[in-house]
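Chemist: According to TrEMBL, the protein has these features:
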DOMAIN    A:39-553  domain 'Cytochrome oxidase subunit I profile'
TRANSMEM  A:98-122  transmembrane segment
TRANSMEM  A:142-161  transmembrane segment
TRANSMEM  A:181-202  transmembrane segment
TRANSMEM  A:223-249  transmembrane segment
TRANSMEM  A:269-294  transmembrane segment
TRANSMEM  A:306-328  transmembrane segment
TRANSMEM  A:596-619  transmembrane segment
TRANSMEM  A:625-643  transmembrane segment
TRANSMEM  A:715-736  transmembrane segment
TRANSMEM  A:743-761  transmembrane segment
TRANSMEM  A:781-800  transmembrane segment
TRANSMEM  A:821-843  transmembrane segment
Amino acid sequence: MTDIPTPAAASARADSVHVAPAPAQRALALHRDLTRVWRNDRGLWGQITAVNHTTLGLRFMGTALVFFAIGGILSMLIRAQLATHQGAFLDTALYNQIFTMHGSIMMFLFAIPMLEGLGIWLLPKLLGTRDMAFPRLTALGYWCYLFGGLIMLTALLFGVAPHDGWFMYTPLSDATHSPGINADVWLLGVTFVEISAVAAAVEITVTILRQRAPGMKLTEMPLFAWYMLGTSAMMLVGFPPLIAGSVLLELERAFGWPFFDPTRGGDPLLWQHLFWLFGHPEVYIIFLPAAGVMSMIIPVMCRTTILGYGAIVAAILALVFLSFGLWVHHMFTVGIPHMALAFFSAASVLVAVPTAVQVFAWIGTMWKGHPQLHLPMYHICGFFLTFVMGGLTGVMLAIVPFNWQAHDTAFVTAHLHYVLIGGFVFPMMAAATYWLPLITGKARIRGVGEAAFWVILLGFHGTFFIMHLTGLMGMPRRIDVYPDNPEWVWLNLTSSIFSFVLTIGFAMFVLDLILQATLGQRTRRDPWDAPTLDWAMPVPSPSYNFASLPISRHLGQSARDAVLSLARGEGALAGAARGRRELLVTSVGVARPHHVAILPGNTALPLYLSASIGVFVLMMLAGQYRLAALALVPVGALIWVWARGMAPAGDLRAVEVAPNLNLPVHHCAQHSLARTGLAAVLVADGTLFVSLLFGVAFLSVVTPATPPPAAGADTVTSLVGLGVIGIALVLAALVGRLNTRSAAALGLGANLLALAALLWLAFSQMDDPTAHARDALRAAVAGYVGLHMLVAAAMAAFVLDQFRRGEITPQTQGALGAWQMWQHFTTAVALLAALVLIAQVGVS
Amino acid sequence: MTRPALALCALCLLAACDGPLSTLQPSGPIATEIAWLWWAMLAGAALITVFVLGLLAMGFGAPRKTQARVWTHGLGLWFSMAILGSVLGAGLWVGERILPRDDGAVTVQAHAFQWGWEFTHEDANGAAMRSTDLLHIPAGQPVDVLITSEDVIHSFWVPQLAGKMDAIPGRTNRARLKADTPGIYDGICAEFCGVGHAHMRFTVQAHADWPPDLSDEGTEQQEGAP
């Protein structure tokens, strides 16, 4: 049922993934049909209800550009303040808000959303599909990003922005040392924004694994897809520690649970570990998409193919793994044992190797081909010059003795700007100049872009090159005045002057984009003569990308040869005959056609859901915790409505994808996109759980002991309670497989019983979580498990409702599979949490 | 440019590196070793930058026959591993030589608070001598500073004598200093600690005689004998 139902297709399976071409149709008729189905609604409302990846990808990038400008203005204020040793005009409290917001905006509101936007906009085009896997999730991510960013900006306008530095070290950021809502704005705002990061990571993973054009093997896909796969995997594992840390710190600030308070058994270093467990991979999360851009553009600019495809893929995988093993190099001065210092120093140095492999592969590609100095190539040269130097100072900082001198000085500020502007902003400018014709359909106006490049290059190196020296001459980060150190004045003044040159350069770059979009001449299709599918479509790109989806024969062709054939419907799933948004789902490895996914159309539901989450965040900020709890009711209700939108409905017959190839629609398929997506969510969720367990282990083993108050729990009663929970959850996990209505009812009951037992345990046996960090972490783990039980119960109820409506049949599974996966996960984490609790009690 | 002019330029540049908080004007063996490490790494980094950018510049030209493995394995893997291995080795070697060890070094205490430092050393009778924002140490011998914090995280840094070490509430960290000659050295808090961060400075006074006779100076208060 799940796979290919016709005998002809059985032989098709044998010879890998051959899909027969369809007869040609009238291109204009296909275009009209597809546009009617895929376009956004008209007017402003159409923008609000848009879920299309092209619209949202561009909107992500446009919004990120606005935040880049705001962050840039803040950096101008910083440089103006530091130009003289007495400080120009800002008082210290305001200055602290400004540098904190500069860093936070550039990281969380510019770099991450920019790369998400690029991935969302480009990947479906590059892989030969029509949209991302979960269009409503794309829109939800955008609104969460926008609202979270607006909350942080509003705080800045009212002078209550975060002021503890962008890495928010405790105890400086705790309730005692940062009273007021400043730190809460950061914790809640950034966590709100991170919903969009996790959402993007989930759908980028699923899109790359399951939506490649038939025959586009994983091992042969364009390198940008490999880079984004690495990025999204890192985001799934990298963001949960930050989210865990932020939630714990917010719990400490709001309710006094002392996770990080050394007087009550907590540890400020736990925050640093959680933050940098995210923070270092974050650097590579930002770098990998940029490197992907390099790997795409360099071969095209050099009229050749990439050199060392396999070595580059190996380097990507090595970076993904290694980057999780070196977060401690941000903490070399906190008093780490010497052996650990040597280990993390070596790991930090080692991560330079895969980076070097890529850099040399790119230069080798240039040797192999014939580089042409188009504008993207300027920015690529800017990348090499800047990033190589930033990488080398990074190696220096990985050397512990040198790190002890350079840490927390302007040297680090210089290094990170070399890496981030060199390793991200220059490649993004190359990307913008390369792909803009596909966005606007216009050719660029010569001159402005080149001038902008030279001004940016001069301004950047003028600002940051001597900042290395400023740091080595002893200037720490984050100071606003230096009356006793006249020897720093000329250095700072030079940096400040060139920073204004840099700003002018960026303004010229934006001007170039605007000029091209408004005054540029219409360009022809595929202006670069590229080999990839992103150019095998009209410019500007239509809402549906491809009139028919590329098949094996289009993959070996240049974009120019494929474009007309695809427009005439000679690929798979031509047109929109059934009046709904359809795309082809393929297998992970060799991209064998598997089923047809029907995507949701335009809807305002993502806006409503993110707005209701926003109400919750605002209530938390206002300290109205009861109202905040109440605000979760509409959130839950809207998620239910969201899930109802995924129920089997409409025409469920198999679809003719190509001649002699009929495939089932996703409601009738076993391994749908949603299932892959849920697996990705559970990876992130599991990492969140592991982060909490890391906290338990860290406080038990590493933290200098502050004895906890005597435990009030009665052992026998607690064990009985845990036993009830365990049995109920194992039962729920087992009955999920039975696939009957009564089993769903039993699962619902079992989850509710487990939840009731947990609540009873929490209120009768658990020690006061404000007394000691150990008890606070136990309460946090119990809360995590309880929340999962609640969701499991809701999913069981949803399945029960689907049985009642007759949506679960032998052909259609409804939400049954999702509930089973979630239930297994919930049961596993609950049992694991109970084991850890018992072990912890047993040891102490 | 003539040779004297070049020498003058170099001298100016070196003079420009001087300052009371400069890591490039070290006044003790620990800071000197790290400064040498820096100059060596700088020279190596400059050579590598020129090498890579040279390869890049040579890439602009007619297509050449070239082997992928030379780039990805030869340069990417082996060349970079050789460089990185030697840098790491140098770092470990210097690191081993500057670590605090149990050799009976003089021990003083530094307690950080928002925003200042309270330092303690023992006088000749073993009594604790306290001082605010002024640390007394002996010159010419290693000193271990035990670093603690009252409130938030600070960082103890005397750039001319050694690298920095954080002051973390709930923990005691140890940093080793050594000053070659008696004199005054500047110190500063390196970890952002709130509104007073920029002004959280202190001075280190290295004495030829130890424990120092501070009877003339009014800033110290003697505590009762322990």
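Backbone N, Cα and C define each Cβ position, glycine as well.
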Chemist: Pop the mean pLDDT for the domain 'Cytochrome oxidase subunit I profile' (A:39-553) in here, whole number is fine.
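Modeler: Across the domain 'Cytochrome oxidase subunit I profile' (A:39-553), the average pLDDT comes out at 96.
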Chemist: Which of A:269-294, A:596-619, A:781-800 has the most Cβ pairs closer than 8 Å to the transmembrane segment (A:142-161)?
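Modeler: Looking only at A:269-294, A:596-619, A:781-800, the most contacts with the transmembrane segment (A:142-161) come from A:596-619.
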Chemist: Which residues of the chain, 6 or more past the ends of the transmembrane segment (A:306-328), have a CB below 8 A from one of its CBs?
Modeler: 219, 223, 226-227, 230, 233-234, 237-238, 273, 276-277, 279-281, 283-284, 288, 295, 298-299, 336, 340, 344, 347-348, 350-351, 353-355, 357-358, 361, 364-365, 368, 398
Chemist: Residues sitting near the transmembrane segment (A:781-800): Cβ under 8 Å, six or more positions beyond its termini, same chain?
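Modeler: Answer is 636, 640, 643, 688-689, 692-693, 696, 729, 732, 741, 744-745, 747-748, 751-752, 754-755, 758-759, 761-762, 766, 808, 814-816, 818-819, 822-823, 825-826, 829-830, 833, 836-837.
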Chemist: Against which stretches of its own chain does the transmembrane segment (A:269-294) lie, if we need a Cβ under 8 Å and a gap of at least six residues from its ends?
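Modeler: Contacts with the transmembrane segment (A:269-294): 107, 111-112, 115, 118-119, 167-170, 223-228, 230-231, 234-235, 237-239, 241-242, 244-245, 248-249, 259-260, 316, 319-320, 323-324, 326-331, 334, 358, 362, 380, 383, 419-420, 423-424, 426-428, 430-431, 434, 691, 694-695, 698-699, 702-703.
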Chemist: What else in the chain is close to the transmembrane segment (A:715-736), if you only count residues 6 or more beyond its ends and a Cβ gap under 8 Å?
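Modeler: Apart from its flanks, the transmembrane segment (A:715-736) reaches 743-744, 746-747, 750-751, 753-754, 757-758, 760-761, 764-765, 789, 792, 796, 816, 819-820, 823-824, 826-827, 830-831, 834, 837-838, 841.
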Chemist: Excluding the flanking five residues on each side, which residues at least 6 beyond the ends of the transmembrane segment (A:223-249) place their CB within less than 8 Å of a CB in that stretch?
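Modeler: Answer is 115, 119, 122-123, 126-127, 168, 170, 173-174, 183, 187-188, 190-191, 194, 197-198, 200-202, 204-205, 208-209, 212, 257, 259-260, 271, 274-275, 277-279, 281-282, 284-285, 288-289, 291-293, 295-296, 306, 309, 312-313, 316-317, 319-320, 323-324, 680, 683-685, 687-688, 690-692, 694-695, 780.
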Chemist: Could you tell me what the rest of the chain brings near the transmembrane segment (A:596-619), counting residues at least six beyond its ends with Cβ under 8 Å?
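Modeler: Residues 37, 40-41, 45-46, 48-51, 130-131, 133, 135-137, 139-140, 142-144, 147-148, 151, 188-189, 192, 195, 573, 580-585, 625, 627-628, 631-632, 634-635, 638-639, 641-642, 645, 650, 655, 657, 663-667, 672-673.
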